[in-house]
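Per TrEMBL, the features are:
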type     : residues : note
COMPBIAS : 430-450  : compositional bias 'Basic and acidic residues'
DOMAIN   : 375-539  : domain 'STAS'
REGION   : 420-450  : region 'Disordered'
TRANSMEM : 32-59    : transmembrane segment
TRANSMEM : 65-82    : transmembrane segment
TRANSMEM : 116-143  : transmembrane segment
TRANSMEM : 155-179  : transmembrane segment
TRANSMEM : 186-205  : transmembrane segment
TRANSMEM : 225-243  : transmembrane segment
TRANSMEM : 263-282  : transmembrane segment
TRANSMEM : 288-305  : transmembrane segment
TRANSMEM : 317-350  : transmembrane segment
Amino acid sequence: REEKDEDSQLIYRIERPVYNETLIQAQLLKRLAYAMLAAVPPVYGLYSSFYPVLLYTFFGTSRHISVGTFAVISLMIGGVAVREAPDSMFMNINATGANASDAINVELRDKSRVQVAVMVTTLAGLIQIVLGLLRFGFVAIYLTEPLVRGFTTAASMHVVISQLKYLLGVETQLCWNVFISLNTELFGALYSCLTVLFLTCVNVVAEGLSSLFHGFPPRVHFQELIALGLCNFISSFFQTFAVTCSMSRSLVQESTGGKTQIAGLLASLLVLVVVVAVGFVFEPLPQTALAAIIMVNLIGMFKQFRDIPSLWRTSKIELAIWVIAFIASVLLGLDYGLLVAVTFAILTVIYRTQSPKTSILGHVANTGLYCDVDEYEEAAEYEGIKIFHSNSSIYFANSDLYVNSLKEKTGLNPEHLQAARKAQKKRKEKTNSNRHVAEDQKNGQFGDRHGDSEEAVFLEPFSTVHSIILDWTSATFIDSVGAKAIRQVIKEYAAVDVRVVIAGCNRNLLAELDTLKFFTKDLTTDFLFPTVHDAVLHCQHSNSHPSVAAVTVPKFSFL
């Protein structure tokens, strides 16, 4: 049945609770496996699934998500732990020959890596708390979906490579070394294959059960970043590594009927029972099985390669973001790869605003619509009026392109018109001078005419366009460089008797223009109109009645 949440006004579906023991067991094994990605003993995966979840019950703001270990986060922490506490620091000098397997002091190494992971988690929690207090959660908008999917796919590649040494006995750190240093242990590989096959079957059953339920609605809470920061910071004192929202755990919680944070509390208590009472059952579990668990859970990640043909058909720019995020994260590592991906995504935004789509608009008969004349046959231009539209704001990066596109689209370049007018004026003056000389010779007068008053030289217009309307309905901001460029182009067109007016300027943009001292004695708010149609009426009326100072169309005001 469906109910309405009075606070959020969202509709969510309440299903009959379903208890699936297999799913819960799989989640417990996954928590053990993700500890391997963090380069710490498996039991710390259980610790990280108890304390943070318990704390989120009190600090969390969402009733639908479940926090816990996450493959990408675990792998990033593991990368730091391995870098700060490499195997080479814990070598036993006397271990040779038959004792080569004991060459590394595993106990001391693991202890050091746990300390590193805990310190990273503490620092991450503090950073999250500070960013939450500063309301810095908006930075997540730069992590677009193609970026995240490309990044997580690359992270999955790193995870697979890191687990090959447990599955196949391959000691490697780089992708291309896998095929060079392959040293397969037959029994381990067979055991891994059987485990993967079993877990795949379990996942198929789990997906079938999950498909019976609808997804839960998204709810945005700005204190959420603080809640996760508190969970990580406080839990780190109990030797846990960083956690975040777990997609798989959230789905399991939803499918088993969990609707509040109490579900997380019960899950944490179950983990506590496992740690205290039955933890010894999982102690002999081989690392090969844990690696297989990780592999199976990454199948969904690799399905994201299907995004490539879809993005190729829909958006080449988003495809570029996906590919750059994937390649950079594979080759440079997850930290630098993410930085490169975010930087590239921001550059695509600059590229889009720097190279906006421009068009000339025409009026659709019997409607109030103005559409691109190149795309709509019904749209027709008004005689003597050009309506120029750009789908971007005007600022330092695109102001020159905006002006150049305006001159190109309208077919009116004031510099060319001015040059042609000067040439015409010279021809007229020369013609008049020759005519006067001829008349003087005919009348027998050869005196100097320089003292006579100059006669008026009437120039014929080079264009039938008398008005240009700048449609700013899509513009959201303008800077000083953009304002200067627009002011200059208005003066250039005025010099060749072409009127330029602005339509669709919103109040915020109008206030920015006023702050930038855009308006002067010659350039007043009389050039601004609330809609394109109002501007058209003004231009038509002014052209038919050039002596009329004012027209009865709506105008902007600062009041």
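Here the Cβ of each residue, glycine as well, is placed from N, Cα and C on the backbone.
Under the criterion of 3 or more C-beta pairs below 8 Å, with sequence separation of 6 or more, the transmembrane segment (317-350) and the transmembrane segment (116-143) qualify as touching. The largest share of C-beta pairs under 8 angstroms with the transmembrane segment (288-305) comes from 65-82, of the ranges 65-82, 116-143, 225-243. Of the candidate ranges 65-82, 225-243, 263-282, 225-243 contributes the most Cβ pairs within a distance under 8 Å of the transmembrane segment (116-143). Long-range contacts of the transmembrane segment (65-82) within its own chain (CB-CB distance under 8 A, at least 6 residues past either end) are made by residues 30-31, 34-40, 45, 48-49, 52-53, 56, 113, 116-117, 120-121, 151-152, 155-156, 158-159, 162, 228, 231, 241-246, 249-250, 252-253, 258, 263-264, 267, 294, 297-298, 333-335.
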